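Annotation source TrEMBL lists active site, proton donor/acceptor at A:ASP300. The Zn(2+) binding site annotation in TrEMBL covers A:GLU148, A:HIS221, A:HIS242. The annotation substrate binding site is assigned in TrEMBL to A:ALA159, A:ASN245, A:ALA246, A:ARG253, A:HIS278, A:LEU337, A:ALA338, A:GLY339. Residues or ranges marked as domain 'Amidohydrolase-related' in TrEMBL: A:63-412.
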Amino acid sequence: MPAPVPTDIIRFTNGYIALADGTAVKADLFVSPTLGKIVSGQETFFSARLQPARTIDLDGGLLAPGLIDVQINGAYGVDFSELDIAPGGEDVYLAGLDKVAERIVETGTTSFVPTIITQKEELYAKLLRLLSPRSSPNAAHSLGYHAEGPFLHPERRGAHNNALLLTASTMPPIEAFDKVYGAEGLDQPGVKMITAAPDVEGVMACVENLTSRGVTFSIGHSDADLEQAQQAVDRGARMITHLFNAMPPIHHRDPGVIGLLGDTTRRPYFGIIVDGLHSHPNTIRIAYGAAPDRCILVTDAQWIMDPNLADGVHHWRPGFAFRKEGLRVVIDGTNTLAGSAIPFAECVQNLSKWAGITLPQALVCATAHPAAMLGPHVAEHKGRLEEGFDADMCVFDWDGRVRSTWVMGKEVFRAADVCDGDILRPRNQVNGKA
Amino acid sequence: MRLTIRDTKEQVGSYIADYIVKRINDFVPREGHPNFVLGLPTGSSPLPVYKRLVEAHKAGKVSFKDVVSFNMDEYVGIARDHPESYHTFMFKNFFSLIDINPKNTNILDGEAEDLYAECHNYEAKIKAVGGIDLFLGGIGADGHIAFNEPGSSLQSRTRIKTLAYETIIDNARFFNNDLASVPRMALTVGVATVMDAKEVVLIVTGQNKALALSQMIEGSVNHMVTASALQTHKWALVVCDEDATSELRVKTVKYFKSIEKVQDEVEAKYGAMGKDKLGQGRITAA
């Protein structure tokens with residue numbers, strides 16, 4: 001039985017389609033808002049005998065899969081790690097999650113994995129349950145959870161609270177994981193990503209068990225040497241959390257976790273924060289050059305991420321203020337970075353610039369790569385503009401700025417400087433340039 | 001038959017596209033024939049024509065809303081959405097880029113349960129819309145038209161056809177150079193189906209079509225060069241590029257070039273009168 005043929009087809013034309021191999025082709029794309037999927041325009045034409053109900057003119061722009069951020073701690077004043085255990089706290093938490101999902105689409109993001117930094121042990125069970133996959137209308141998808149900690153190396157803890165870090169010193173060690181995250185948390189549906197240090201006692205022994213339960217294991221906040229990192233990959237680790245940050249710097253005789261970049265057989269993905277502050281642009285170029293097919297862009301954004309927020313001092317809560325200077329956000333009165341504040345689309349622009357690659361090549365690192373890293377349950381639906389995939393898309397201009405964002409075939413954001421109507425053209429153009 | 005020669009294949013495409021645009025815009029619906037009916041080919045030769053037609057449509061010079069189309073042929077044994085199917089070709093290069101009503105497009109269904117019935121119905125459908133006004137076509141290197149390979153009956157109708165071994169080898173490049181996956185069968189309109197069209201326009205471009213062009217124009221009517229049947233068609237136009245004239249005699253080329261020149265003069269002098277006298281709605285010196 002052939003699938004029912006949708007009748008509400010939207011056709012995207014007069015632009016380029018960003019493909020998963022890093023190229024872009026001049027072609028049309030057809031989506032169905034009722035199915036929320038990318039469909040075959042040809043099949044609708046010849047079977048349902050229908051012309052598209054609506055045509056969107058891309059005005060030469062680049063239609064790409066919506067961006068997938070696998071490491072985001074919060075945004076728009078919402079901190080994913082913060083849960084008030086008093087009654088009503090869970091509703092507040094979910095409302096915050098929905099707020100981010102609704103607004104984050106302006107950065108080109110259509111899927112994200114809310115990331116929680118090391119918490120008090122008793123909070124995990126609640127937090128992870130709240131972070132089941134969640135999709136509300138006109139908003140980005142929340143795919144699951146990314147638990148960064150608590151099994152981190154104290155020497156490489158970064159901003160994590162030393163007092164809350166744990167080791168898996170139970171017998172068997174997996175009991176420590178089951179205890180912290182809750183067996184339900186480890187076995188719930190959706191994305192379950194854990195950043196842990198394989199060099200912390202007991203963690204290495206748990207990698208196989210975790211990955212067999214559908215957990216995506218990422219090496220991070222780790223003091224591991226190369227051999228330990230290799231062993232973790234052999235046991236199923238799929239990623240390195242924010243490469244270069246919270247790990248020993250590379251030494252030519254003892255390359256550590258970063259040394260995995262030079263491994264020909266073990267090829268984990270690596271997340272990287274391309275804001276020019278967490279890593280030098282030249283470092284980005286080295287990392288991308290070493291393993292371009294494994295590079296994953298992450299924002300590591302904190303609650304302060306909000307592209308509409310003006311520079312200056314902002315008060316967060318009593319006795320605590322931060323100073324924003326562009327993408328650099330510090331605790332007021334200090335030089336301590338308060339976290340990343342880069343909108344996702346700018347990471348793509350930066351990677352393109354600094355690694356000397358095309359925009360479609362950079363986009364793959366924020367679309368097909370994160371989807372593939374998370375595994376088939378994501379990669380079979382998201383991260384590529386192919387028939388049958390979710391119609392989560394973003395229209396960019398060739399400088400990498402977001403013109404319009406679509407989730408499940410519905411437009412959820414249009415940039416203020418882009419015309420209304422069905423032509424996605426900047427309002428003020430001079431010689432074809434915005 | 002008229003032969004119009006242009007310098008390049010792009011110019012050939014533009015010439016033919018402009019010609020078709022004019023035909024569509026001049027068309028007057030009448031009893032039993034409410035739509036302009038266009039026969040369409042696939043392959044690399046017609047691409048410049050489609051490109052130019054799409055441009056004309058985008059520029060608002062022509063609408064295909066009321067045009068009915070019939071394609072020449074389709075493979076048997078590959079899915080409709082196969083990248084090499086003629087359905088895919090037509091959708092990608094033409095139908096998806098214009099405003100034609102999908103209900104008005106007709107392509108033989110190579111996946112039909114009953115292929116005989118499919119062919120029979122196709123002829124009936126052409127009849128039902130009042131016949132084809134303009135059949136656009138190309139020719140193969142062996143002078144075939146549609147999939148009417150050398151040796152096809154010049155009286156043939158829409159039917160199942162075995163592809164010539166030469167065609168299969170030639171097509172292998174589109175199927176990962178795997179001979180086994182190249183379709184061996186196709187559905188195609190017959191030579192007589194093409195000959196029934198009120199007007200036939202052929203695109204012949206490239207050096208590799210030169211011999212076929214000379215055979216179809218300078219040779220005799222012969223089932224080994226099925227396009228030669230057009231010599232007996234009362235309203236056939238061949239548009240070729242300079243490359244394709246390589247095997248023609250200089251005399252032939254000069255003759256047809258002079259026709260074009262005289263045609264211009266006749267048109268300038270007699271205008272509408274010549275049109276009426278010829279009863280073909282146009283002036284011709286052929």
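In case you wondered, yes, glycine gets a Cβ from its N, Cα and C as well.
Just so you know, TrEMBL annotations are computer predictions that nobody has curated.
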DSSP secondary structure for A:ALA338 (substrate binding site), reduced to helix/strand/coil, please.
coil
Between the Cα atoms of A:LEU337 (substrate binding site) and the residue listed as 'active site, proton donor/acceptor', find the distance and write it as a whole number of Å.
13
For A:ALA338 (substrate binding site), which residues in the same chain are close in space, meaning a Cβ under 8 Å from its Cβ, but six or more apart along the sequence?
A:GLN302, A:ILE304, A:PHE322, A:VAL329, A:VAL330, A:ILE331
Ten-angstrom check, please: count other Cβ atoms within 10 Å of the Cβ of A:GLU148 (Zn(2+) binding site), all chains counted.
27
Using CB atoms and a 10 A radius, I'd like the single residue among the binding-site residues A:ALA159, A:ALA246, A:LEU337 with the highest neighbour count.
A:ALA246
When you measure from the Cβ of A:ASP300 (active site, proton donor/acceptor), how many other Cβ atoms are you left with inside 10 Å?
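Other Cβ atoms found within 10 Å: 24.
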Given the model, what does the mean pLDDT over the domain 'Amidohydrolase-related' (A:63-412) come out as?
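That stretch averages a pLDDT of 94.
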Have a look at the binding-site residues (A:HIS242, A:ARG253) and report the one with the fewest Cβ neighbours inside 10 Å.
A:ARG253
For the binding-site residues A:HIS221, A:HIS278, which one has the sparsest Cβ surroundings, going by other Cβ atoms within 10 Å?
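Per-residue Cβ counts within 10 Å for the binding-site residues A:HIS221, A:HIS278 bottom out at A:HIS278.
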If you measure C-alpha to C-alpha, which of A:ASN245, A:ARG253, A:HIS278, A:ASP300, A:GLY339 (recorded positions) come within 10 angstroms of A:HIS221 (Zn(2+) binding site)?
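Passing the 10 Å Cα cut: A:ASN245.
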Distance check, please: Cα of A:HIS242 (Zn(2+) binding site) against Cα of A:ASP300 (active site, proton donor/acceptor), rounded to an integer number of angstrom.
8
